[in-house]
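What Swiss-Prot says about this one:
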DOMAIN    76-617  domain 'PLA2c'
CARBOHYD  Asn127  N-linked glycosylation site
CARBOHYD  Asn162  N-linked glycosylation site
CARBOHYD  Asn196  N-linked glycosylation site
CARBOHYD  Asn274  N-linked glycosylation site
CARBOHYD  Asn303  N-linked glycosylation site
CARBOHYD  Asn406  N-linked glycosylation site
CARBOHYD  Asn411  N-linked glycosylation site
CARBOHYD  Asn483  N-linked glycosylation site
CARBOHYD  Asn518  N-linked glycosylation site
CARBOHYD  Asn547  N-linked glycosylation site
CARBOHYD  Asn556  N-linked glycosylation site
CARBOHYD  Asn596  N-linked glycosylation site
SIGNAL    1-19  signal peptide
Amino acid sequence: MLFNCFGILALLQILPALAYPPCREQMSDPYEFGESDLMRPGMHDTPLSLMQKREALAISLSKRDSVGSYAPYNVTCPSDYMLRPASDGISSGEQSFIDKRIPKINTQMRSFISNTGLDVDVNSVINDSDGPRLGLAFSGGGLRAMVHGGGVLNAFDSRNGNGSSLAGILQSAMYIAGLSGGSWLVGSVAVNNFANITYLRDNVWNLEHSVFAPHGDNVVENLAYYDDLDDEIDQKKDAGFDTSLTDLWGRALSRKLVDATQGGPNITFSSIRNQTWFQNADYPYPIIISDSRLEEEKAIPANTSIFEFTPYEFGTWDNGIKAFLPMEYVGTHLKNGVPPDHKCIRNYDNAGFVMGTSATLFNTFLLEWSQEVTSNSTLYDIIHKVFEKLSEDQNDIAPYPNPYQNFTTTNTTVKNPFERFDTIDLVDGGEDDENIPIWPLLHPQRFVDVIFAVDATYDDSNGWPDGSSIVTTYERIITYNANKSVDVRGFPYIPDEDTIISLGLNTHPTFFGCDGRNTTAGNHTVDNNTPPLLVYFPNYPWVYYSNISTFTMSMNDTLSSGILENAALSATQNNSDSFAVCLACAMIQRSLERKNMSTPSQCSSCFEQYCWNGTTVNNPSAVSNYAPTVLSASTTSGTSSVRAKPIVFYLFASLLTVSLLL
């Protein structure tokens, strides 16, 4: 059993009961206890009967007989050299998907733009493989980000028949990327045959119960649940692989996100390729990202390597490596691209483990917590001992056998940061403060023309985004593109957070980079190397307060419906037909510029209204004073002022303790 991992988690859950040191996003909001997070009062104090223990074990064993194994296994490698240089462009598999998807995108986008009434010859703008390419990017932010992003995605989806003015945008997109809570959204739709959000919410996500207590106050079912988790992780450990908190986290998440018995212990991310929607290229190509952390690091540097998981490949475009491993062989340790003894690993890319990797919040939580707790010396000592142990044991990360050991790239100016390590340690995709997965959509080989960046980040003390995620991406490009450690096409100019808040750029969708000749790439003729136009969709209380804590792990129907509705109305600007026209303008702008076609007068008006015009504001108090209120009354039942109740961490400890006694 994973006594180390469970013991650490148990201690983490108990500590908040002793004191309430705030996380960064909870400075003004102490832990609240909600009924949806609680099990029956006093449950953990009541001794379990022998009958209850036996019943839980019987349930657990019966379920295990019907599912596959979580354990990775050895296979013979398909070739002696397993890495693909990224200088070749995107993989042949991704290219094949894109080639199949282009005609479908062109048809859908022509239909969407025609339906908006935009006065443009859509057949001239969208007629070949050089037509507009749209990428969707969904931020991190736990369950808040998943449900908010789901509301936006629902508004973009033409399958719903809900009269959304933006219906068809999903079907018009080439890529869809997610990190952390956004990876739960992207991963869940991709793994579940791209089911729509209504189906997932009603049948899969089980939002009313916490991932830590999925069966509410049913003691026996919850004990069986933890016994199943323990058994699955032991399968991987017994097969000879390192395990970490992320295995536990990923298996628990899978039961919320994957529509299969026990969350599909043997369902892999690469198996998405076998699903009907993917084989037909009916929906955008999914990408999940995660940050790397070197063994000696406790904090994530701004220039950390960003890794991506796709149905075909795992790797990074950063110039220190710039090479990819086939996704189905993730978990294979390579030396200079060659597998020892011709042995490769399969089944390591478990879908839940991948989503858990992108959302490994534990080390950020611990780091900030350990820095905040100073008033109680005993508590301070306990927390720091736990923190030091995690750092030493690397249990706060997701360990991946290193495919880049002793690997040397063709780029002689940047060193491979992982060349001496046996494992690559991956952490939450937002820990570098780039909390929207824009990065994978900026690579020249993907030719993305416009990015819709959906931001549900908890930036300020009140829980609303202030634009810092796109500011950080902009700063990374300015800093590291210059020294050639990264290779992207550039980015639109982005103002600082003071300006974003002072000008209200985070209160509605805002366009950046409307003029393709005025970006970080310089004043050049617009072509396929021009940086994309960015449409920023911030979370904002249009009809509902959706600024719940990242550590909220359950929602009742009123709350989830309120967040979904608020997200849709905020994204569509109250289902505005005129805003749909403006989004159509953003979608085709780079194509118009490339083809040297004139901008329609409707688009000129749109750009005056929604594009940042370059104005900056020096207002240091803007961020701290930002506290928006709802614009109008919600049509959702209940009140819009309902706040979510974050998970009661210490109850998880009691469950773990009891389950370990089985």
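Yeah, the Cβs are placed from backbone N, Cα and C, and that goes for glycine too.
Of all the Cβ atoms in the protein chains shown, 16 others lie within 10 Å of the Cβ of Asn196 (N-linked glycosylation site).
When the alpha carbons of Asn406 (N-linked glycosylation site) and Asn547 (N-linked glycosylation site) are compared, the span between them is 45 angstrom. If you compare Cα positions, Asn547 (N-linked glycosylation site) sits closest to Asn556 out of the glycosylation sites Asn518, Asn556, Asn596. On the 0 to 100 pLDDT scale, the model's mean across the domain 'PLA2c' (76-617) is 91. Closest to Asn274 (N-linked glycosylation site) by Cα-Cα distance, out of the glycosylation sites Asn162, Asn303, Asn518, Asn556, is Asn162. By the criterion of other Cβ atoms within 10 Å of the residue's own Cβ, the least surrounded of the glycosylation sites Asn303, Asn518, Asn556, Asn596 is Asn596.
Candidate glycosylation sites: Asn303, Asn518, Asn556. Nearest to Asn162 (N-linked glycosylation site) by Cα distance: Asn556. In this structure, of the glycosylation sites Asn274, Asn547, the smallest number of CB atoms within 10 A of the CB marks Asn274. In the three-state DSSP scheme, Asn556 (N-linked glycosylation site) is classed as coil.
Secondary structure at Asn303 (N-linked glycosylation site), as computed by DSSP, is coil.
When the Cα atoms are compared, Asn127 (N-linked glycosylation site) and Asn556 (N-linked glycosylation site) turn out to be 46 Å apart.
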